[in-house]
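Chemist: Pasting the relevant annotations from TrEMBL:
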| type | residues | note |
| --- | --- | --- |
| TRANSMEM | B:21-41 | transmembrane segment |
| DOMAIN | B:66-247 | domain 'ABC transmembrane type-1' |
| TRANSMEM | B:70-92 | transmembrane segment |
| TRANSMEM | B:113-143 | transmembrane segment |
| TRANSMEM | B:226-247 | transmembrane segment |
């Protein structure tokens, strides 16, 4: 103890003026991106790569000035980081995000010749960078303001609504909107198919995983073997696993008529589901097992002392206490399955991956975006939703 | 008493040393067999795909494909390891700690980005070919490394650092001689995850015009030739298993060295 006292104590780093360095640098990055990169790109038709336009051409002098003011506002407020300023910053970030589609409308008005019905507007690199950095600002502000995940997510949903409204009324020239309008039925059914595949795979692997974890707790020998097999499975690349399943399933479908009647075939939903379930089992089983094992012995002993029977102890004590970690496993699995289902489009399982691979095949980048952006959003929404659920279910409240 | 325990531990580990190279050698040998002697198994592939005109993928040799695959994964791995570990170190120093919460959040958030989506988003910016796949691999492989570097460095106990400080070590010395060696197993685990994921993701590069081991799979699926698919899938799976088992051995040796030191 005396040695610790003898050491020089670390001084407080900031004395007096202490700006939030993170937000200031993020604001500078956004300003640099806005002025140096292409804000929008304009293409005469679907296949031709667009030509980029800078801030002045896209928004005109007044628009560019307004955007610069808004972006520097973040940096200026962050120089005096009080709680009130953080709240104002949060509001500013949300407002900027909601104004972004309006900016696109302005540049479509300025740049697109109404004589050219095929012309389309694309969001340039600056738009993506600013959008991404604004999300980073939100993450930083959420941490500084000590908010739970649910509020920023709700606000982002509001922003998404604004984007959607703008896209529906007044942004017909945006490439993404045109791409969507050309195949809206197909898009909706692809989203439905994607969610269906993920839902089936995750729910089946939750049931299987729970059963497997229970069995593992009973038979210790099973535990080592099962984990070895599941770990091995995760090492095999998804594309390879999908490929390797094609051959035996095609053979089964050709030689066992009963299975063919059930819908088993080499290409399509069956191999996709088998591979997805195989991949999903490991995170579920691992988290379920550790969740059930980590419940403290004393708590269980106390429950026993209160006269609870084995079944009651499991359902009323062990399972509720294990639930947050268990849900964490479900979250990881679902997010992973959303990404893997995109790959499954290659073997004809459908889903949003279809757009990605078709778009890549036709060199139509807007179609690729039409597939990739919803997948990304789906993953983020599921992640935030299940994360918030796990936070809420944690014993003793959220914090 | 202490020394006897550690002696018996290391004795047990040297006893186990013989079989620990077994798996990498086995998988590596199978990989080499599949790369060099794929055409020897022609009759087998003929049995899978009896009607096809050709059953062995021949648009590029499997050795070339393997080389390209390793090249892409290797470049991405080197860059991600340097950048990821540097970022992890930077935000745990006193001058960079303002960025710690953001980077930590980002590293866990980044796991939610599906690799296919990242790859698809890289193509419009970078065009077709090998470049987008390398960039996508870098972005995607960075996050496990950053996350594990953070976890490893934060896992070093404060008392140990205080002791090192009291011994008169400078901050750089503490970092290089105390913190990094203690965090090494966790960092290595992150590198292992990153590289394993990247081997799988690189195969997807075949869909954006990069030629690698994903090529036979994609062209097999497109042309309905199951034999191609099996060849590509088998080689990628063996490559992934070889690299993963190599990392397993590395990790075990690192752990043995730390526990014996």
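Placed from the backbone N, Cα and C atoms, the Cβ positions cover glycine too.
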Chemist: Quick one: do the transmembrane segment (B:70-92) and the transmembrane segment (B:113-143) reach 3+ CB pairs under 8 Å, ignoring pairs fewer than 6 apart in sequence?
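Modeler: As far as Cβ distances go (cut-off 8 Å, pairs 6 or more apart), the transmembrane segment (B:70-92) and the transmembrane segment (B:113-143) touch.
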Chemist: With Cβ-Cβ distances below 8 Å as the criterion, list the same-chain residues six or more beyond the ends of the transmembrane segment (B:113-143) that contact it, or say none.
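Modeler: Same-chain contacts beyond the flanks: 68, 72-73, 75-77, 79-80, 83-84, 87, 106-107, 194-195, 197-198, 200-202, 204-205, 207-210.
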Chemist: Can you name the far-off residues of the same chain, 6+ from the ends of the transmembrane segment (B:21-41), with a Cβ under 8 Å from a Cβ of it?
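Modeler: The answer is 56-57, 62-63, 66, 231, 234-235, 238-239, 241-242, 245-246, 248-249.
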